[in-house]
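Data first, discussion second: the structure below is written as structure tokens.
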Amino acid sequence: MSTPARRRLMRDFKRLQEDPPAGVSGAPSENNIMVWNAVIFGPEGTPFEDGTFKLTIEFTEEYPNKPPTVRFVSKMFHPNVYADGSICLDILQNRWSPTYDVSSILTSIQSLLDEPNPNSPANSQAAQLYQENKREYEKRVSAIVEQSWRDC
């Protein structure tokens, strides 16, 4: 069944294949275009560098008018990521726009890894360490980067 949301997701997938952004990838799951599996590679020059982080993206039939639900499947230690892997990012909530596509969602999350917003913490411990003890924060991030290799 072809719906506007499904047609849009096919376009998003085609665009992602034809013009893949650096450091991110994503594709619909085998039997459901409404559920995607994605990977974000830790940005170079950040504590997340060399990490391989898996995510799931779940769309509704209201996409692109409503944002998808995006969660890290890989363990994540970040000020803006909840314990269940869900992400506190304005474009996935109140600043969503139908002009955003899968590519822009993934690159925005990749940018968030490097530039957390400690004023809107989903993980207060990570936010506190990020602001007050960068060395310990980076140590904790290194541990999840190493764990991401085992999870691949």
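Here the Cβ of each residue, glycine as well, is placed from N, Cα and C on the backbone.
Per Swiss-Prot, the annotated phosphoserine among residues SER97, SER120 corresponds to SER120.
With a 10 A radius on its CB, SER120 (phosphoserine) counts 12 other CB atoms from all the protein chains. In this structure the alpha carbons, written CA, of SER120 (phosphoserine) and CYS88 (active site, glycyl thioester intermediate) are 8 Å apart.
When Cβ atoms from all protein chains are considered, those within 10 Å of CYS88 (active site, glycyl thioester intermediate) total 18, not counting its own.
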